[in-house]
Amino acid sequence: MELGWWPQLALTFLQLLLISSLPREYTVINEACPGAEWNIMCRECCEYDQIECICPGKKEVVGYTIPCCRNEDNECDSCLIHPGCTIFENCKTCRNGSWGGTLDDFYVKGIYCAECRAGWYGGDCMRCGQVMRASKGQILLESYPLNAHCEWTIHAKPGFIIQLRFVMLSLEFDYMCQYDYVEVRDGDNNDGQIIKRFCGNERPAPIRSMGSSLHVLFHSDGSKNFDGFHAVFEEITACSSSPCLHDGTCFLDQTGFYKCACLAGYTGQHCENLVEERNCSDPGGPVNGYKKITGGPGLVGGRYAKIGTIVSFFCNNSYVLSGNEKRACQQNGEWSGKQPICIKACREPKISDLVRRRVLPMQVQSRETPLHQLYSSAFSKQKLQSAPTKKPALPFGDLPTGYQHLHTQLQYECISPFYRRLGSSRRTCLRTGKWSGRAPSCIPICGKIENITAPKTQGLRWPWQAAIYRRTSGVHGGSLHKDEWFLVCSGALVNERTVVVAAHCVTDLGKVTMVKTADLKVILGKFYRDDDREEKTIQSLRISAVILHPNYDPILLDADIAILKLLDKARISTRVQPISPPPAFTG
């Protein structure tokens, strides 16, 4: 029994040795964190520490007690993670917290303040901003912490705008207002058009929104803080403040925004900008032409044209306008288009469809006589090589359709060898604006047959023969036949628009009543009677009129002759040619 207390004494002695080996300032009070929140913030909690502060609002002593954290060296660091007294800086009245060796819940949960400064709310008095719907009110931010961010949105009734006026402004000053500032925007969010950004302590002029909402943003950086700001707002009718300058008229659109109708000479959102009156210089008339004012205000003092003036250009006789026919004085003081010129040119002569025209390369006439040309040929090769002959200058500028430049040559020929050309084969555009020579035309060569061999003459014996077809409709053989064409007789082609035929072919049986021209047609160039055989030379022509002999007798068939006038012109070819009249009729 007497020796039984020695093991217990030895164990106690060892514990004292271990405790004496710890740092002097370290005292073991707590070996576990008091809650899950501290487990997140600390590696391991140890002794408690007491933080003493002064509440900014009423200068009362406040504070809180928190456990300290064990560092990597297994030492107890004195509450390195706590924010000190900054948690109370936005409070008007503070919560005292728990003093002693227990955890302060209000610190972990962020409930430091019993009452906040104006403009702030929440347990830590760090929340600010709100959506405000009122006819009048205020935004007051009394002092402010570092790195604050607040937003207010003000809404007015439809048809009204918001006027914001600063009563007090005390922020950090910067020329760019990039540290602490108040930013005001049109609309109800940060995407609206910025009106202005303010900082320092100089109060700005009243601000008005364009519509029925206004957005206010406050921002502070991580250094320096001042007294904040105080602004009041009220809703007013958009036009009550006469926002339109220079006698502009204010009106509201459907969304409640106001717009200004400006007088002539002013522009801008509030008619604040004076429009610089611009004029166009006199464009002048083209050489060998003239100009006329055909629209708009016209010229000022005969030298300048007002915006909107339209000038038309014309050319003298035998000249043609190349370029813009009209030009308008534009807002930038420049004329539209390009200045036109008048070019000496010839209007193309009219020709028939039987005449083929070809434009030859332009050749400018030379004034050199044969003597000049002979004298020029006497120069040495070296002289000719050192001074090569330059091509004469050709007319410039594009011409309208139907005109040709001076010295242009046109060559004419008939479209078929079965026509004979009358008039000039080549015409030149002269300096007078007229064409040389006579207008060409082509007439058919009657009865002409190519000199061909006997085997080929079978299809070319009667090129003047015309087949007359008539359209019938009705019931034949118990079936309805509609729009069927039948060969009724033949005739002779006299000229390109005339066919001679028997009168009974184009009249009703036993009557002088003529068949409708729409139910008749003339086929030329046909050799085979069978309609199913294709013949490329066939021409199907419509009829414009039927002329009967005045003495035609449908019973006795006296004066059985008629003339068909063709609506379409016959094309002369090897298979289609007019019949030649007897020599007695040719004179």
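In case you wondered, yes, glycine gets a Cβ from its N, Cα and C as well.
Annotated in TrEMBL:
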type: DISULFID; residues: Cys262-Cys271; note: disulfide bond
type: DISULFID; residues: Cys315-Cys342; note: disulfide bond
type: DOMAIN; residues: 128-236; note: domain 'CUB'
type: DOMAIN; residues: 235-272; note: domain 'EGF-like'
type: DOMAIN; residues: 278-344; note: domain 'Sushi'
type: DOMAIN; residues: 387-444; note: domain 'Sushi'
type: DOMAIN; residues: 445-587; note: domain 'Peptidase S1'
type: SIGNAL; residues: 1-21; note: signal peptide
| Rounded inter-Cα distance in Å - Cys271 (disulfide bond), Cys342 (disulfide bond) | 46
| said: Let's see if you can do this one: DSSP helix, strand and coil counts over the domain 'Sushi' (278-344), in that order. | reply: 0 helix, 34 strand, 33 coil
| said: Mean pLDDT for the domain 'Peptidase S1' (445-587), rounded to an integer? | reply: 79
| C-alpha of Cys342 (disulfide bond) to C-alpha of Cys262 (disulfide bond): distance in Å? | 44
| remark: Expressed in Å to no decimal places, the gap between the Cα atoms of Cys315 (disulfide bond) and Cys262 (disulfide bond) is 43
| note | For the domain 'EGF-like' (235-272), the DSSP helix/strand/coil residue counts are 0 helix, 13 strand, 25 coil
| Neighbourhood of Cys262 (disulfide bond) by C-beta distance under 8 A, where only residues 6 or more apart in the same chain count | Cys244, His246, Gly248, Gly268, Cys271
| message | With helix taken as DSSP H, G or I, strand as E or B and everything else coil, how many residues of the domain 'Sushi' (387-444) land in each class? | response | 0 helix, 22 strand, 36 coil
